[in-house]
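Got these off Swiss-Prot a minute ago, pasting:
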- 1-189: region 'Enoyl-CoA hydratase/isomerase' (REGION)
- Glu119: site 'Important for catalytic activity' (SITE)
- Glu139: site 'Important for catalytic activity' (SITE)
- Asp296, Asn501, Tyr661: substrate binding site (BINDING)
- 311-723: region '3-hydroxyacyl-CoA dehydrogenase' (REGION)
- Met325, Asp344, Val401, Val402, Glu403, Lys408, Ser430, Asn454: NAD(+) binding site (BINDING)
- His451: active site, for 3-hydroxyacyl-CoA dehydrogenase activity (ACT_SITE)
Amino acid sequence: MIYQAKTLQVKQLANGIAELSFCAPASVNKLDLHTLESLDKALDALAADSSVKGLLLSSDKEAFIVGADITEFLGLFAKPEAELDEWLQFANRIFNKLEDLPFPTLSALKGHTLGGGCECVLATDFRIGDATTSIGLPETKLGIMPGFGGTVRLPRLIGADSAMEIITQGKACRAEEALKVGLLDAIVDSDKLIDSAITTLTQAIEEKLDWQKRRQQKTSALTLSKLEAMMSFTMAKGMVAQVAGKHYPAPMTSVVTIEEAARLPRDAALDIERKHFIKLAKSTEAQALVGIFLNDQYIKGLAKQSAKAASQDTQHAAVLGAGIMGGGIAYQSALKGVPVLMKDIAPHSLELGMTEAAKLLNKQLERGKIDGFKMAGILASITPSLHYAGIDQADVIVEAVVENPKVKAAVLSEVEGLVDAETILTSNTSTIPINLLAKSLKRPQNFCGMHFFNPVHRMPLVEIIRGEHTSEDTINRVVAYAAKMGKSPIVVNDCPGFFVNRVLFPYFAGFSLLMRDGANFTEIDKVMERQFGWPMGPAYLLDVVGIDTAHHAQAVMAEGFPTRMAKSGREAIDALYEAKKFGQKNGSGFYQYTVDKKGKPKKAFSDDVLAILAPVCGAPQNFDPQTLIERTMIPMINEVVLCLEEGIIASAQEADMALVYGLGFPPFRGGVFRYLDTIGIANYVAMAEKYADLGALYQVPQLLKNMAQQGTSFYSAQQASAL
């Protein structure tokens, strides 16, 4: 053994070849600080051993290295710039040391080789993989960019255009694509990976392969003429500006970094990369996007705990009520390997449900995600039925009938009598209290809410609603089933609107008040989309939700929270509802809708709507963008904080993920609690108090006032644990 540490070891093989194997005690290898320090010492030991003629990098895991340890990021990013620079220089010295070893080096890859793992193997002379190999640099998805030499070595290895595509998109290349662009030198069978690696390395040692020429290419300036460089970088900037936009600076910064470093040798180019990395690491966007990643891991961890604690796994499911929503739920269950009975009283609804499932599977087939055989198998695992025969086989039943409490209660009561005492019943409802529906059941402990979002196949969030009688085992089993479906389940306690709809309607109320005071709805939409970053402004979102649906839900919320959410009079939603302008579903709401050539709705503004809205709108008035943002967002933010204060949702992490996954809250802002931390809670309290005269929705929750006085934040613990 040449060197041994907790996460890696170096041993001598035959013919002067040494093998450096990453072998962390955890389930995956990560390039955390400890592993980097061990790698540094291992490389020193290798350089000092005159018997070593070649080095093979390998992994004892199914994945080579999944990347840096992201849990360390927020702590590192919070350090002074000089300390952050030292960390990057330390990592750069290690990879330079690997690249400068006086003998050829080769990485044998399998599974994921991502982020810092990819940057590590870019420092070796050769890379071969098997069919499972996936290699790439996903850092821009976290609001940062490669910082261990990725923007320097990748363009010099595969060319600037291919490198910029991979880096700006945060892309991982599968084996075939990696081979095509030059990231991999060969793909071999998994059982021959190490033998092939040794053969290739031996050829390099014997100088049958020119490893020194390859190394020189990676450590020299890019070979681009001035004209080629101008065309390449101008085109890349144009494409990135179009796709990433101003709220996500990391992709554009990556292009600028590669451009600035193009004519420089390795070490000077690394200085450029380091400078830009630090700038991004200190950005609020990076804090938010890294925070989302960590929060997502937290949600997944909770789901795993639930699966472990659950009394049984879900092997079979049933959906009551077909149509688009029922078909979407059935599709998602079957796609992830849980056969499902789809029951409805109407043949045309069953047909619609099966058509929806088939349509979604066809899209998977077209994209090459599944083959025809698998598609047939998935469709066969959805059993459409007009009867309850076979319902007793279901471990979990999802009721998804019409949003009517009497109908839902009757269906749930009926099906409860047909299944055994262990079967879990759930209701897919967006507005009906779970405690109300539970009254119709003999076993309310086996019942909870399971609120899917439309379209089911795209929206990651499922709200799991705990009623006052719901058992912990019921929650665990349903959370585990939702996770098995590939969803992000978040548990909330029962209240009107649960969590997502409860916090959405104060946002709509803020929007309605602005219109009452003379704001133009198109201007509000423009500001909330382009400046705040929502995928849709409030008027457009109401059209998509459905004005009729929103009108009904608004009444439910007003009844549930009369102090804050009762209407003071007719509003824009009422005016459109009375005019039967229901939004996208019937072609007219705030906007007019037509269908484009691809069958997708296309919106346009029409003056006709102004006459309908005139009685509920004040005299036209201009508001500056910041006022529009503050007046729409403060009611939502206050309601989110109240939900945490009241225990409707358990943590800031879960609330922020529900907002991002359920409502499309701008990811670069990280959710309401991350947003509050970013702008400063004391600053928010002062800002919100300016609008106190607008009513109860604008009153700052006591929790925020206390935190402002104490100078605390919601994510201080997450940052401290990373230090």
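First residue shown is number 1, and so on along the chain.
Cβ coordinates come from backbone N, Cα and C, glycine included.
Burial and contacts for the listed features, if you can.
Within 10 Å of the C-beta of Glu119 (site 'Important for catalytic activity') there are 28 other C-beta atoms, taking all protein chains into account.
Glu139 (site 'Important for catalytic activity'): 29 other CB atoms within 10 A of its CB, across all protein chains.
According to DSSP, Tyr661 (substrate binding site) is assigned to a helical segment. Other Cβ atoms within 10 Å of the Cβ of Tyr661 (substrate binding site) number 24 in total over all chains.
Taking Cβ-Cβ distances under 8 Å and a sequence separation of 6 or more, the neighbours of Met325 (NAD(+) binding site) in its chain are Ala400, Asn428, Phe452, Asn454, Val456. Taken residue by residue with DSSP, Met325 (NAD(+) binding site) is part of a helix.
Other Cβ atoms within 10 Å of the Cβ of His451 (active site, for 3-hydroxyacyl-CoA dehydrogenase activity) number 23 in total over all chains.
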Looking only at the region 'Enoyl-CoA hydratase/isomerase' (1-189), what is the model's average confidence as pLDDT?
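Mean model confidence (pLDDT) across the region 'Enoyl-CoA hydratase/isomerase' (1-189) is 96.
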Going by Cα-Cα distance, pick out whichever of the recorded positions Glu119, Glu139, Asp344 is nearest to Tyr661 (substrate binding site).
Glu139
Distance check, please: Cα of His451 (active site, for 3-hydroxyacyl-CoA dehydrogenase activity) against Cα of Glu119 (site 'Important for catalytic activity'), rounded to an integer number of angstrom.
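Just about 42 Å between their Cα atoms.
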Would you find the one among the binding-site residues Asp296, Asp344, Glu403 whose Cβ has the most company, meaning other Cβ atoms within 10 Å?
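Result for the most crowded candidate: Asp344.
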In which DSSP state, out of helix, strand and coil, do we find Val402 (NAD(+) binding site)?
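Val402 (NAD(+) binding site) sits in coil per DSSP, no helix or strand.
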Between Ser430 (NAD(+) binding site) and Glu139 (site 'Important for catalytic activity'), what C-alpha distance do you get in Å?
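If we compare the Cα positions of Ser430 (NAD(+) binding site) and Glu139 (site 'Important for catalytic activity'), the gap is 36 Å.
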Using C-alpha atoms, which one of the recorded positions Glu119, Glu139, Asp296, Asn501 comes nearest to Glu403 (NAD(+) binding site)?
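Closest by Cα distance to Glu403 (NAD(+) binding site) among the recorded positions Glu119, Glu139, Asp296, Asn501: Asn501.
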